[in-house]
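Annotated features, as they stand in TrEMBL:
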- His37: active site, proton donor (ACT_SITE)
- 30-37, 147-150, Leu176, 184-187: ATP binding site (BINDING)
- Gln61, Gln153: (R)-pantoate binding site (BINDING)
- Gln61: beta-alanine binding site (BINDING)
Amino acid sequence: MDVIVAGDRAGLVKAKDALGPGRLALVPTMGALHEGHRSLMRLAREHADHVAVSIFVNPLQFGPNEDFSRYPRTFDVDLDVCADEGVGLVFAPSAEEMYPPGSQVAVSSGEMGKNVEGAFRPGHFDGVLTVVLKLFNLVQPDVAVFGQKDAQQLALIRRMVADLNVPVSIVGAPTLREADGLALSSRNRYLSPADRMTALSISKALRAGAAQTTPSKILAAAKAVLDAGANLDPPLAVDYVELVDPRTFTAVDDTHRGEGLLVVAAKVGTTRLIDNTPIPPTP
Ligand code: AMP
């Protein structure tokens, strides 16, 4: 069956009618779809009768000096990917549709939205939560699937759904990686072969950290790999490496007993990459 493309609320109503009854799963994306997105679509299919994908590069979640205007846009290829994955509906609204003049009320991501990634991208998570809540209200899915690759985003969406009583089930999906460990990302297409070699320091640092047992050793091992990355050509420029509590995204120390999450953000040239790995509780 062909993918039905909707660009506004009226189109969505018609498209959902055409899909027919059954549970609907939504996979929100910014397009430039890759295998990681495909894995989310497949997981969505396991949870619902119909899969919808939204494609929207959300201006609200980009800072003034970030890559909004040069973010990759590959709509026609994305549609083929969706058709290939059996997606029934693609929602691709314009910025004007999502943010008509006069919009001013938004979602606040609270303290968790200011930690770690939020400290480097002020306002980012407010923009993410605002667009995700709008997408939920427009598409009205039963289930929505998000990647663990953006772990703080996933944790905040779970928080928003709980705190604001949003009637949707959230499913988290594991991070898909290249054979050499690089996490798939739409931004990887900016990387030259040399950049890509440097970028591998990130997943290598996560693996080195995860092989250790205490928070201080985990951090030290990850930092050692990232420091080595800073001496490569091109160099890795680390924004942060932290071991956090995955429920709050606050840093943990050696007294911490529960689950941890080792998180990294770093730039290679002008390309900023993020990655993370779960750390099981200390025995
Ligand atoms: P994006 O288009 O980058 O906003 O990502 C859309 C969704 O795909 C988000 O829920 C991401 O967490 C998820 N995603 C991005 N990269 C990966 C990956 N390598 N593996 C699994 N999910 C991913």
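Each residue, glycine too, has its Cβ placed from N, Cα and C.
Everything TrEMBL records as a feature, shown here on the structure.
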residue	record	CB count, 10 Å
Met30	ATP binding site	19
Leu33	ATP binding site	26
Gly36	ATP binding site	20
His37	active site, proton donor	26
Gln61	(R)-pantoate binding site	21
Gln148	ATP binding site	19
Gln153	(R)-pantoate binding site	22
Leu176	ATP binding site	18
Ser186	ATP binding site	19
- According to DSSP, Gly36 (ATP binding site) sits in helix
- Query: If you check the recorded positions Leu33, His37, Gln61, Leu176, Ser186 one by one, which have a CB less than 6 Å away from any atom of ligand 1?
  - Reply: His37, Leu176, Ser186
- Task: May I ask for the distance between Gln153 ((R)-pantoate binding site) and His37 (active site, proton donor), taken between their Cα atoms and rounded to an integer number of Å?
- Result: 15
- Assigned element (helix, strand, coil) containing Leu176 (ATP binding site), judged by DSSP: coil
- Message: Check the DSSP secondary structure of Ser186 (ATP binding site), expressed as helix, strand or coil.
- Response: helix
- Can you tell me the three-state DSSP label for Met30 (ATP binding site)? coil
